Amino acid sequence: ARGAAAAGGMAAAAEGKAGNGHAEGPAAEERGGGGGLRGCRGFLRRNALVLLTVSGVVAGVALGTAVRRASLGPAQVAYLAFPGELLLRMLRMVILPLVVCSLVSGAASLDTRSLGRLGGIALAYFLGTTLLASGLAVALGFIIRPGAGASALNDPRLGLSGDVPTSKETVDSFLDLIRNLFPANLVAAAFRTYATEYKMLLRNTTSGNVTWEKIPVGTEIEGMNILGLVLFALVLGVALKKLGQEGEDLIRFFNSFNEATMVLVSWIMWYVPIGIMFLVGSKIVEMEDIVLLVTSLGKYIFASILGHFIHGGIILPLIYFAATRQNPYRFLLGLITPFATAFATCSSSATLPSMIKCIEENNGVDKRISRFILPIGATVNMDGAAIFQCMAAVFIAQLNNVDLNPGQIFTILVTATASSVGAAGIPAGGVLTIAIILEAIGLPTNDLSLILAVDWIVDRTTTVVNVEGDALGAGILNYLNEKEKKEKEQELKEVNVEAVANSKSEEETSPLVTHKNQVSNTTSTADPESKESVL
């Protein structure tokens, strides 16, 4: 009877809906239009920062093109760049607390086994992708031959500066890298880096001849020793984890400091569109003759940017897809703001705050993974810089009509991969390491001024590829960590199911379990709750 009544009620409801269909139609359409408007408004609210940042880049190009015609002097150009300079100063201000606190809290939140496993995977990923980038750049250099048809390179209108980085011995460069891993003074490491310079000493030989001898001398130069700070923060985090209960207070301090720094970053991000507009605009105004530069060094610029496009648009997404079986371009879509920041600032370190914020909020990467891997990646992983350096080495070799042999090519690959580890995450940081590669293969460093002339163009795509490699590496590690966590949970469920099944078995071998079963059987009729507690 109840079934028949229910069927009758459903039929009546269907008739009522059919009868009122014409009345509900306009209201439904109105609701649909309102929902579409709300959806559009929600999309704009969610992606306001991305849209503003991209608009800032476009507005900067338009501003620079318009102001170029006014023929501003150096003082006026400096005033134009002032809002952009403020952005760079704010981003650099939060780098030190962000790197130290995020690495300490990240290392302390992971157990030693996970830390070693994730660190090993990250190191293999960083070295592998950097080697791939170096190989791609050398191959493109031999295919396109950017140095073969370079012309008008001595034209004064190119604005080539005579300030070429001092050539340094390859051995001293790697020794400096190791020295900077262990800073003598942590406070000084926040703003100074160890570097080897040379002093020429006059010596009299036994035969009576006078010779000049180059003596290496250690000095401190301006610039944060981020490599030493990264290593110290990692070791401190592991040490606090080992302390157990005694280290909890300090770990909570670093966690709170880190969260407060991220709040500051979220405030700074709203100034990014304005700063980017003036940074890009002032760079366009500063350039002497863009047309002449592109026609003279166009093949080199094209080859470098093509290498960045292939590596960042095809190779890195393929690695991410192979590791996770997920769409890499959807992952990258949530990182448009840090990519625009990297394009405008040319600094991996300055992009780090916005990258951490966006990769956690937009892509859902675990905080422990992102704040552990990204600061290391910003220091160690330089795929774009490896492409830039190898292409520059091949370009200068072709410019001097030097045919590179297999031994020199191998030296370029190894030296570029190793020297990109210590490359400073600042504008034009990669140019300093090209001198190491040229010295290693015996090429003159005089032509580095050509690289400096186009560095402001190529360095933008270089930085974008650098930070993209860090982000995809964090995504891969996050996926592997989640996968391992799910496998552990599945194993735990299987163990629990087996334990329950064994406890219900009639033939028990353990006297303790048998005793519990007997107790539960005696109490099952009297009190169900006591049975559950015994089980």
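From the backbone N, Cα and C atoms, a Cβ is placed for every residue, glycine too.
Residues or ranges marked as compositional bias 'Polar residues' in TrEMBL: 511-527. Among the features that TrEMBL reports, region 'Disordered' is placed at 498-535. Here TrEMBL flags 48-67, 87-110, 122-144, 223-240, 260-280, 300-323, 329-352, 372-397, 409-438 as transmembrane segment.
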Winner by Cβ pairs under 8 Å against the transmembrane segment (300-323), considering only 48-67, 87-110, 223-240, 260-280, 329-352: 329-352
Among the ranges 87-110, 223-240, 260-280, 329-352, the one whose Cβ pairs under 8 Å to the transmembrane segment (372-397) are most numerous: 87-110
Surrounding residues of the transmembrane segment (87-110) on its own chain - C-beta under 8 Å, 6+ positions past either end: 118, 190, 224, 226, 229-230, 232-238, 240-241, 247, 251, 254-255, 257-258, 261-262, 264-265, 268, 271-272, 274-276, 279, 341, 345, 347, 349-354, 356, 367-369, 371-372, 374-376, 378
Beyond the flanks of the transmembrane segment (48-67) by at least 6 residues, Cβ under 8 Å: 80, 269-270, 272-285, 336-337, 340-341, 343-344
